[in-house]
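Peer 1: Mind looking over this structure? Questions follow.
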C-alpha cells in the first residue's frame with residue numbers, strides 16, 4: 001500500500017510537486033510533544049498543539065453533541081479549563097445542517113467556542129440507532145427520525161460535513177459493529193473501515209487545518225485488531241483512535257484490546273480511546289498508554305442528579321442529602337462546591353433546571369481535575385503512587401477493586417496494594 | 001424602610017428610591033418604579049451565580065415564594081442559618097411573597113418566618129376573590145380576614161425577637177368592589193406596615209381599565225411615603241398603566257414567562273427622537289383588542305399568561321434559522337454579545353438546555369433596561385413618548 005509521505009502526490013505534474021512543497025513547508029495542524037513518560041507503565045504526558053490552542057494530555061473531552069454542552073455556556077466551559085470538546089456529525093448534519101454551519105463560520109463560529117473541537121464521524125450512531133440504519137460498501141443509510149427521509153452517510157459525506165463544521169480533529173467514518181457481536185461481520189467491518197479510511201483521507205478538503213484521525217477496529221479479536229493496526233498505521237494520519245470498544249463488552253476483553261492497540265500504535269502520535277469516561281477506566285487506560293478520552297457519562301449523569309466524587313458518586317436527589325449541608329466534595333474547587341450545599345441542590349432539583357447545571361459544572365470540573373492530577377503525577381514521576389492513592393480513595397477495600405483493573409494494571413507493572 | 005420620592009406627577013406616577021430595605025444590609029436601595037428579582041427557591045430560573053452575574057445592575061431585592069419555603073421548612077429549621085445562606089445567595093435583600101406570580105394556582109400556607117429570615121414579606125391574605133361573580137359578602141369577608149391575619153402577624157412581631165429585623169407589607173384586598181377596596185386600603189394604612197401589596201389585580205383577573213381605576217383609587221388612600229407593590233403584573237404596557245396609577249414595585253417574573261415559551265423580548269424603550277422618522281406619521285400601534293376580548297367575556301383566562309405578547313419574537317420560527325444577528329441589536333447582554341438568533345433557533349429546535357439559560361439572561365437584561373428607561377422617562381417628563389415607543393409594532397422587526 002501507499003508509503004507514508006505519499007499522500008496527495010499521484011502524478012508528476014508541476015502543480016502537484018508545488019503542492020507537495022507547500023505541504024512540507026506548511027505548519028502541521030497537529031504536533032505532539034512528549035513531555036514525560038512513566039518509567040513503570042505506558043503512560044505519557046504530552047502537549048498536543050492544535051489549530052485553536054495547545055491541549056495538555058492525558059485529556060478528557062466533554063461531549064457537546066448538538067453544538068452545546070447541556071446548559072453550560074462557552075464561558076463557563078472555558079473557565080473550567082476545557083481545551084477541547086466534542087460535537088457530533090450525525091446530529092449536526094441533520095440539524096441545523098452543514099450549509100448553515102458553514103455560513104456561521106463553522107461550528108466554532110456557530111457555538112462561539114474559541115478552543116478546539118473534535119467531531120465524531122457519525123459512525124457510532126450506526127450502532128446506537130441500528131434500527132434506523134443499513135450498512136453497505138457505499139456508506140450507512142439512515143432513516144431520519146425527524147422527517148423520515150433517507151440519508152446516506154458515506155465516508156465522503158461524513159468528511160464533507162466535518163469540513164463544513166471546521167473541527168480541529170475529524171474522525172474517519174468507520175464501519176462500527178457492537179462489541180458484543182462476533183463472527184464474520186466483525187472482520188468485514190474491520191476491512192471496510194480501512195477502505196473507508198482511505199476514502200476519508202482522499203476526501204479531506206482541509207488537511208492543512210483539520211486533522212483526520214483513523215479509528216482502529218477489529219472488535220475483541222486480537223488477530224483482527226493486529227491486522228487493522230498494521231494496515232492503518234501505514235497511512236500518514238496525524239492521530240489514531242481506538243474504536244469499537246466501550247460498548248458493553250466484558251472489561252477483561254476491553255483492556256486487552258486497549259493495551260494491544262497502544263503496543264502497536266506509533267509513539268509520537270496521539271492515541272484517542274473513544275467512549276471511555278468512568279474515573280477508574282480513565283486512570284487504567286492512561287496507564288495502558290492512551291492520551292485522549294471522551295464520554296457522555298459525566299454530563300448525562302449530572303442531569304439525573306449524580307455528582308462524581310473521588311470516592312464514587314453523590315446522588316444528590318436522594319432523601320439522605322436533604323439535610324446535608326456540606327458541599328458535594330469539600331475539597332472540590334468548582335463554582336458549585338464553593339457556593340452550594342448538597343441540601344440546597346437536593347431541594348433545587350424540585351424547583352429549577354439550574355440544579356442540573358450546577359451538577360454538570362461539578363462533573364466536568366471533576367473529570368478535568370482528575371486528568372490534570374494524573375498528568376501532573378506523570379510529569380513528576382509518581383504516577384504509580386497516584387494510582388495506588390486513587391484506588392484506595394475510590395474503593396472501600398482492596399477486595400472491592402475490580403479484577404479487570406487489577407489485571408490491567410499488573411500488565412503494566414503496577415501491583416495494587 | 002422608607003420611600004424617598006423625588007418626583008410625583010398626579011396621574012403619571014412617582015419616581016423615588018426605596019431605602020432601609022434591610023436592617024442587616026443598609027447599603028441596599030431600590031429605585032422606583034422598579035422590579036424584583038424573580039427566583040425559584042432563590043435561583044433565578046436556569047441560572048447559576050456565574051451566568052446570573054453576567055447581568056449588570058441586578059435588582060437589589062430577591063423574591064422567593066412562600067410555597068417554595070414551606071416545602072423545605074424542616075430543612076431550614078435544621079439549617080438554622082436562614083434561607084439566604086441556605087441558597088448561597090449573593091449580597092441581596094430577601095423578600096418572601098405569598099404566591100408565585102408565574103404559577104397558575106394561587107396557594108396559601110401557614111409558615112414560620114423564623115427559619116427563613118427574610119428582610120420583608122407580605123402578611124397572610126385571603127385573595128380568593130378573583131372569580132367573576134364573587135359576592136360582595138365574600139369580598140367583605142376576604143378584606144376582614146386579611147386584616148385579621150395582619151393584626152395577628154404584627155402581634156407576633158411584637159413578641160418574637162427573631163422577627164425584629166423583618167418588615168411586613170400589608171395586603172390590600174377587595175376584589176373589584178370599590179368600597180371594599182377603599183375600606184381595605186384605609187384600614188391597612190392604619191397598621192404599622194412598611195408598605196402595601198395590592199392583591200387581586202394580577203393579569204387576567206379584571207379588565208385593564210377597571211384595574212387602573214381601582215388602583216388609582218386605592219393609592220389615593222395610602223400614605224405617600226410607603227411603597228406600593230403590585231404582584232402578578234408584568235407586561236410592559238400594563239406596568240406603564242399601573243405606574244401611572246401609583247404603583248412603585250413590580251415582580252420580575254415576566255422575563256421568565258417569555259423564556260419558557262422560547263421567546264426573546266425585543267420591544268423598544270429608547271425615547272431619544274429618531275432623526276429618520278421625526279416629523280413623519282407615527283408607526284402603527286399594536287392591536288390589543290384580541291387579548292382584551294378574552295377578559296371581557298367574563299371568564300378569567302389565566303392562560304393569557306402563557307401566550308405570546310406583542311413585545312417578543314418567537315425564536316422557534318423558521319425565519320430565524322439563518323438570522324445571524326443578535327437577539328436584539330445593540331443589546332449588551334451576554335447572549336446578544338456572544339450568540340446569534342440562528343444559534344438560539346437551533347437550541348430551541350433541538351430542545352437544548354442552553355436555550356433557557358441564554359434567553360433568561362437576555363430577557364432579564366431587556367426587562368431591567370425597560371425599567372431603567374421608565375425611570376428616566378419619569379424624570380424627564382417623557383412618559384407619553386415611552387408609552388408610544390413601547391407600543392410600536394414593527395419595533396419588533398427592526399434589525
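For all residues, glycine too, the Cβ spot is worked out from N, Cα and C.
OK, TrEMBL features for this one:
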DOMAIN    A:41-394  domain 'tRNA-guanine(15) transglycosylase-like'
ACT_SITE  A:120  active site, proton acceptor
BINDING   A:120, A:121, A:122, A:123, A:124, A:174, A:217, A:244  substrate binding site
REGION    A:275-281  region 'RNA binding'
ACT_SITE  A:294  active site, nucleophile
REGION    A:299-303  region 'RNA binding'
BINDING   A:332, A:334, A:337, A:362  Zn(2+) binding site
Peer 1: Hey, how far is residue A:120 (active site, proton acceptor) from residue A:217 (substrate binding site), Cα to Cα, in Å?
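Peer 2: Distance (Cα to Cα, whole Å): 15 Å.
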Peer 1: Give the helix, strand or coil assignment DSSP yields for residue A:120 (active site, proton acceptor).
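Peer 2: For residue A:120 (active site, proton acceptor) - judged by DSSP and reduced to three states - the answer is strand.
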Peer 1: Excluding near sequence neighbours, so keeping only residues 6 or more apart in the same chain, what lies with its CB under 8 A of the residue listed as 'active site, nucleophile'?
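Peer 2: Those within reach of the residue listed as 'active site, nucleophile', by Cβ under 8 Å and sequence separation of 6 or more, are A:60, A:61, A:62, A:63, A:86, A:118, A:272, A:274, A:275, A:276, A:277.
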Peer 1: Per DSSP, residue A:294 (active site, nucleophile) is which: helix, strand or coil?
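Peer 2: It is in a strand.
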Peer 1: Determine, to the nearest whole angstrom, how far the Cα atom of residue A:362 (Zn(2+) binding site) is from the Cα atom of residue A:217 (substrate binding site).
Peer 2: 33
Peer 1: Taking the mean position of the Cβ atoms of A:332, A:334, A:337, A:362 as the Zn(2+) site, which residues outside that list, in the same chain, have a Cβ no more than 8 Å away, listed in sequence order?
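Peer 2: Near the Zn(2+) site, the remaining chain residues are A:307, A:327, A:328, A:329, A:333, A:335, A:336, A:338, A:361, A:365, A:366.
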Peer 1: Where does residue A:174 (substrate binding site) sit in DSSP terms: helix, strand, or coil?
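Peer 2: Where residue A:174 (substrate binding site) sits, the three-state DSSP reduction gives coil.
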Peer 1: Taking the Cβ of residue A:124 (substrate binding site) as centre, how many other Cβ atoms lie within 10 Å?
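Peer 2: Other Cβ atoms within 10 Å of residue A:124 (substrate binding site): 22.
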Peer 1: Distance check, please: Cα of residue A:337 (Zn(2+) binding site) against Cα of residue A:217 (substrate binding site), rounded to an integer number of angstrom.
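Peer 2: That comes out at 40 Å between the alpha carbons.
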Peer 1: Among all chains shown, work out which of the binding-site residues A:122, A:123, A:244 has the most CB atoms within 10 A of its CB.
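Peer 2: Of A:122, A:123, A:244, the one with the most crowded Cβ is A:244.
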Peer 1: I'd like the per-state residue tally for the region 'RNA binding' (A:299-303) from DSSP, helix first, then strand, then coil.
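Peer 2: Summed over the region 'RNA binding' (A:299-303), the classes give 4 helix, 0 strand, 1 coil.
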